[in-house]
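This report concerns only the one structure given below.
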Amino acid sequence: MTPLIFVTGGVVSSLGKGIAAASLASILEARGLKVTMVKLDPYINVDPGTMSPFQHGEVYVTDDGAETDLDLGHYERFVRTRLSRKNSVTTGRIYQNVICKERRGDYLGATVQVIPHITDEIRRCIDEATASFDVALVEIGGTVGDIESLPFLEAIRQVRIERGAERTMFMHLTLVPYIAAAGELKTKPTQHSVKELRSIGIQPDVLLCRSEQVIPDSERRKIALFTNVSERAVIGCPDIDVLYGMPLELRRQGLDEIVIDQFKLSGTASLADLSEWEDVVDAIKHPLDEVTIAVVGKYVDYQDAYKSVGEALKHGGLRQRTKVNLKWVEAQDLEGSDMAALKDIDGILVPGGFGDRGFEGKVLASRYAREQRVPYFGICYGMQAAVVDYARHVAGLEGANSTENDRQSSHPVIALITEWRTTTGEVERRDEKSDLGGTMRLGLQEQRLKAGTLARELYGRDVVGERHRHRYEFNNRYRTQLEDAGLVIAAKSMDDTLVEMIELPREMHPWFLACQAHPEFLSTPRDGHPLFIGFVKASRARKAGGKLLREVCV
């Protein structure tokens, strides 16, 4: 059985369970262990695919097309294991599975209850996602004490009874607040949080104590005494200035050794080599250049909606020792044709989105970048905005639009995808009446790049795979007309039916590229992504007056 580390949170939400868990996973991976991660989310939605970005933030997409919590993005940025729909489990999915089994008669007429049926299904999902790994980390969303989390906590309590301490570990993340008026850290919230956890039968093995300051040894001893946790296993997690430095901090305090000792993995695990993370932190702390990128979106008041985009831009910068400053621009603010927000920036990125609100602002951002020769990177809706701009203002297709926003458009250059092949080769069909949830073109899809294009130069190969999440697509009826007007179709699906990337000729624009997929989902701090690296480099070149001041790469 795979050893399991269950990560829970207490006192308040948003303490960073996902980052802490992913950081530990990265250390264990660096020790030669095969690691995976699972997120258990207590909400009743089947997945976050139809949830508002203002409430939930980004919907992260895996290779197999699962629409998941943004924490899976953190996981994949810290560990090299590629995750799937098995790694994201919600209350909605659990209940859906149980109800389907009940309807089929799988329970043989039994009364279906939270215990054992719901908890058994939770345990089955955990087992399915973690089989064949050396270690798995399972994060339980929410905060201890939330009624929604109780079935998950009961399920992991049962797992501990079944597997024992040598195959399970409970890691609890709490807050140790600093009270300025008293001038001291307070441990009482942590004590009460552990008391709440123990009341449902779970005794933490490790405490991760979040705080603004370093926790003194005297306070760590106090926490250990009142929570029945070894002092060695009370780990301080002070605020740090570089997120990707967390693996180094946890390694310094020996968290991985606690795991290795409890699971008796010393014969399997090697010494941790965290040199890659040291290089990442060094590149972030000591940049040699700096650029400002305008991100023109429609959810900019809640930047978690673009979490992977922001991180991918920073990754693209750190691969060149360049600090990337993000200027968040509300797309609607551009619709009065006031482009002041786009002055004095080095590049423009237009990310994905849905619906007509703000779309015209994105079109205007594309036009501004095209006419002012500012590096432009369009992603998903950002590509569609670029196509609409080009159709209207270069190809002369007055009224060109997406049918998502105007079904009566005289020139629907972007239209609903009605048919495509999935990753398994099956044909899927959709229409305007299809359910919103889980009905998009989703997951990793291969595409063929056109020789001689900027895209082909950046990737360095002919065929690439990127993750998708969209319903609307470039309308092939206008492909020839737009190409005749100068637009370059830089990539198409493997069956030649779907336009995947567009760009402008380099004699027309120094760097103008847009893609229908979401490359941000494959960017990591250790490797970056070719498109983001190229975009940041082009932005540096613009800032330098057409040529790079420094050619640096880590």
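Each residue, glycine too, has its Cβ placed from N, Cα and C.
Among the candidates Asp71, Asp106, Asp120, the one that Swiss-Prot lists alongside Ser14, Leu15, Gly16, Lys17, Gly18, Ile19 as binding ATP is Asp71. When Ser13, Ser366, Ser402 are compared with the CTP site residues Asp146, Ile147, Glu148, Lys186, Thr187, Lys188, Pro189, Thr190, Gln191, Lys222 in Swiss-Prot, the one appearing in that site is Ser13.
Of the residues Glu330, Glu404, Glu446, Swiss-Prot puts just one in the L-glutamine site with Gly353, Tyr381, Gly382, Met383, Gln384, Arg471: Glu404. Rounded to a whole number, the distance between the Cα atoms of Glu139 (Mg(2+) binding site) and Met383 (L-glutamine binding site) is 35 Å. Across the fold, the C-alpha of Asp71 (Mg(2+) binding site) and the C-alpha of Glu520 (active site) stand 14 Å from each other.
Those residues of the chain, other than Gly353, Tyr381, Gly382, Met383, Gln384, Glu404, Arg471, with a C-beta within 8 angstroms of the mean position of the L-glutamine site C-beta atoms are Gly352, Phe354, Phe359, Cys380, Ala385, Ser402, Ile414, His470, Tyr472. Distance from the CA of Glu520 (active site) to the CA of Gly353 (L-glutamine binding site) is 14 Å. When the alpha carbons of Gly382 (L-glutamine binding site) and His518 (active site) are compared, the span between them is 10 angstrom. Secondary structure at Gln384 (L-glutamine binding site), taken from DSSP and collapsed to helix, strand or coil, is helix. Glu520 (active site) sits 17 Å from Gln384 (L-glutamine binding site), taking the C-alpha atoms as the reference points.
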